[in-house]
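Listed in Swiss-Prot for this protein:
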- Lys141, Glu178, Phe179, Asp187, Arg211, Ser212, Asn213: ATP binding site (BINDING)
- Asp248, Glu260: Mg(2+) 1 binding site (BINDING)
- Asp248, Glu260: Mn(2+) 1 binding site (BINDING)
- Glu260, Asn262: Mg(2+) 2 binding site (BINDING)
- Glu260, Asn262: Mn(2+) 2 binding site (BINDING)
- 104-287: domain 'ATP-grasp' (DOMAIN)
Amino acid sequence: MKIAILSTDPSLYSTRKLLEAGEQRGHEVYVIDYLRCYMKITSMKTEVIYMGKSLKGFDAIIPRIGASKTFYGTAVVRQFEMMGVFTANPSLAISRSRDKLHCLQLLAREGIELPVTSFAHFTKDINSLINTVGGAPLVIKLLEGSQGIGVVLAETYQVAKSVIEAFSGLNANFLVQEFIEEAGGADVRCFVVGDRVIAAIKRQGTEGEFRSNLHQGGTAKKIKLTPQERSIAMRSAKAIGLKVAGVDLLRSDHGPVVMEVNSSPGLEGIETATGVDVSGKIIEFLEKNLGKGPLGDRL
């Protein structure tokens with residue numbers, strides 16, 4: 001196969017591992033900076049142009065789109081889709097996953113358990129907004145945040161009120177969410193490829209830190225999922241339309257609840273903690289869907 005990894009930085013662990021996995025299986029793999037691509041859109045011919053040359057003959061792409069570059073990145077993915085190129089994650093699914101509110105709405109529609117969440121534009125009645133999620137302590141999240149940035153734990157009503165007023169004053173869109181205290185600053189990352197959960201880790205925040213993101217200094221260890229956790233992870237990825245996804249769960253007193261569905265989950269933390277060749281599993285997924293196995297299988 002001829003595969004393009006859409007990434008702005010070829011030195012990133014995830015990008016390097018995907019490149020190595022593809023090449024080890026005999027495929028022709030390129031790292032393409034999607035921000036340097038431009039698109040030719042006509043009724044006669046659709047093209048993606050990179051460094052002055054039309055990108056032709058690709059069988060598949062693996063999008064690794066940065067959160068702050070979602071609009072342009074998904075436009076490039078969509079252009080490849082129009083050219084008939086298979087994508088590990090569809091452009092629409094990536095867009096859904098990046099819109100935290102839309103993502104939660106889609107999950108709720110499928111009956112998937114979530115923390116009680118509230119979203120509002122008119123914030124004069126802050127007391128009612130806070131009470132909607134059960135009062136303080138509660139979590140306030142910027143819709144545009146990622147990797148734990150823009151997430152605040154408000155432990156008292158007064159702190160919650162102050163943060164909401166500050167975000168409102170900045171015209172920022174934010175969610176107010178129930179705080180799952182019993183999770184103890186830990187979450188579960190389930191890595192979904194195709195229709196399977198191939199690996200899972202428990203991420204624990206540093207002492208005094210409720211955010212468990214590895215980017216915030218958290219630690220990770222391999223865990224075994226319950227059948228319920230495995231099912232909810234697969235259902236969540238399917239609800240958003242993702243084929244490669246990191247589904248983040250919290251273990252609450254009433255069962256697992258979904259916090260987020262990530263369309264470009266990092267590979268380093270989960271591969272290091274579990275020993276699972278996640279990169280190779282993603283390449284195998286492309287092979288399965290395109291009917292083109294490793295080069296050795298075709299010689």
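The backbone N, Cα and C atoms fix where each Cβ goes, glycine too.
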Closest of Asp248, Glu260, Asn262 to Lys141 (ATP binding site), Cα positions, binding-site residues only:
Glu260
Return the residues near Asp248 (Mg(2+) 1 binding site), defined as same-chain residues 6+ apart in sequence whose C-beta is under 8 angstroms from its C-beta, sorted by sequence, else 'none'.
Asp187, Val188, Arg189, Cys190, Val258, Met259, Glu260, Val261, Asn262
Report the same-chain neighbours of Glu178 (ATP binding site): residues 6+ apart in sequence with Cβ closer than 8 Å to its Cβ, ordered by sequence.
Pro115, Val116, Thr117, Val133, Gly134, Leu138, Val139
Of Asp187, Glu260, which of the binding-site residues has the most Cβ neighbours inside 10 Å?
Asp187
Ten-angstrom check, please: count other Cβ atoms within 10 Å of the Cβ of Asn262 (Mg(2+) 2 binding site), all chains counted.
23
Which secondary structure state does DSSP assign to Glu178 (ATP binding site), in the simple three-class scheme?
strand
For Phe179 (ATP binding site), the number of other Cβ atoms found within 10 Å of its own Cβ:
20
